[in-house]
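K.L.:
Pulled these from TrEMBL:
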- 1-10: compositional bias 'Basic and acidic residues' (COMPBIAS)
- 1-31: region 'Disordered' (REGION)
- 132-142: compositional bias 'Acidic residues' (COMPBIAS)
- 132-163: region 'Disordered' (REGION)
- 217-263: region 'Disordered' (REGION)
- 218-231: compositional bias 'Polar residues' (COMPBIAS)
- 242-259: compositional bias 'Polar residues' (COMPBIAS)
- 277-300: region 'Disordered' (REGION)
- LEU361, LYS362, ALA363, ARG364, LEU365, LYS366, THR367, ASN466, LYS467, CYS468, ASP469: GTP binding site (BINDING)
- THR367: Mg(2+) binding site (BINDING)
Amino acid sequence: MPRSKPDIPKVRGRTLSDPLSAALLPPPDESPIERDLRVKAAIDAKKVSDSIDDMIRMERNERKKSKAEVNVLLLGQSESGKSTTLKQFQLLHSPSAFHAERIAWRAVIYLNLVRSIRRILDALAPESDILDDHDDADDNPDPAETASVIITSNGRPPSAILGTQVPNYESYRRRLEPLIELEERLIRLLSSPDEDEATRLGPSRPAWEQYANYYRANENTPPHPNGTTSGRPAPTIMIPQKKQTSSSSVMNSANGTSSKNKEIAVHTSTNWKKALSLGNRSKSPKSAHSGEIEGWWEDPDDPVHTLNACSPAMQELWRDPQVRKRLQEKRLRLEESSGFYLDEIPRITAKKYIPTDADVLKARLKTMGVVEHTFSIPSGSNRGVEWRIYDVGGSRNQRQAWAPYFDDVNAIIFLAPISVFDQARHILTYATQDPRVNRLEDSLLLWRSVVSNKLLANVNIVLFLNKCDLLQAKLEAGVRLNQHMISYGDRPNDYDSVSKYFRNKFGVIHQSYTPNKERELYIHFTSVTDTSRTSVIISSVRDIIIKGNLRNMRLV
Ligand SMILES: Nc1nc2c(ncn2[C@@H]2O[C@H](COP(=O)(O)OP(=O)(O)OP(=O)(O)O)[C@@H](O)[C@H]2O)c(=O)[nH]1
Ligand SMILES: [Mg+2]
């Protein structure tokens, strides 16, 4: 069916100097019969052209339907749980690949554990001036964001002056010293061996290491407090860009294609997992002649030996009541922090330790750049829908990499960690007077900017109010929401009331700012480290996204 009234071919907007316009003009001496013939020929030609257009359109829709594609973006601030959600997708849809990679996570888990120990020692150091809030390290290193240090007028942090002294500190420090070297080694192992700049260490050496160095040189005199800084940020591993693979690939953070922009912060699972191919050795047959070994535990250079040797000291440190008291004074709640394995030291430091699924889900490795994973997910009568899931870095200096993905995204899963209402990030920018920004406020602002984005007006949005397990534990421990969010007022401080309050807060922002009032918002309360509950949620999210996608395709 022709879509417009048949007429002579349109040449509107062209001038006579345009050769096409000139060619389409009727001949000057055209008779009425010739005119009718010419108009009929033009109408026939247009019919043919329209039917070709229709065929092309139908073919494209058919192609889309048969090889349906879904692009999903995981968004949210740093440490909100995006990469963990991606791991859950992997566990659900490519479990064998997930299990095959478990061994490679050993290095990350070791690094998380060693870092927790170092943070305790930093907090115990007599002259330590580490920040009370561990999440401050979130977005380092970024020139616009610097962790602030609370220093009194005499240059010493208040907690160092008034805090509980741990008499065994020196002994712990000495016994755990090999872990300093191990931390550096693990970071080197995880980064690419041929990239000098591959690994970014934090801005300074840790307080306890400075103290240790000083102490070695000046046995009994304590070091000068000046010059010490806060604990290091979470290890950030910068991995060079490699050719993309279909199942797991890496993108340039700036334009999603090449490495032109030297500011690329690439973080690919493929690369670092290969770099630590410790697991391969377990497959080698043991042979006295070739020197092959049965497993990594027989390799004297494997990091497990240092950990294993330090295991008793680590356990004593973590069990020590005075240490716990000191951590409380410093408001350092390691139990809530990412990559927490202190309650499982004997199991993690065992020579033949293999990470469980739960360990991998708990492991913390900050994402730099954008990581893409594809899955083929069967859906109803469809042969298989190809899902592309993009996991982005959530820290502030990573967010500019998000926009290029807005163009052809079908759905967004936005993660907001609602347990962080009592945490602040230290941000020093020219525009910010108060360097402390509440992390939940940060999430709300980010949410507002995503839901109000016009490019995303027709994109399905699913909101995960995440870290509900930590929220519940925090409320049960007596932390009051109204002390951090005045607007909460006198409402009860229990999980039900608080979680509803947050759902409402995020919902109202969506309602007020969405450019598409028809858009439905799907909200889930999640703890994405919990596999059984998350797999149910993922299945329902999958259906919502597929339905929304089909609806949008019909509108095309
Ligand atoms: N207890 C608990 N821990 C969680 C939950 N979700 C994520 N985590 C942990 O929080 C840490 C951070 O999660 P990630 O998935 O790495 O966060 P991300 O959003 O990818 O962070 P960036 O890569 O920095 O943007 C990890 O150690 C997770 O195991 C949750 O619901 N409960
Ligand atoms: Mg991540």
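Positions of Cβ are set from backbone N, Cα and C atoms, glycine also.
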K.L.:
Indicate whether LEU361 (GTP binding site) is helix, strand or coil by DSSP.
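P.N.:
It is helical.
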K.L.:
For LEU361 (GTP binding site), list the number of other Cβ atoms lying within 10 Å of its Cβ atom.
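P.N.:
Summing over all protein chains shown, LEU361 (GTP binding site) has 21 other Cβ atoms within 10 Å.
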K.L.:
Could you tell me which three-state DSSP class ASP469 (GTP binding site) falls into?
P.N.:
helix
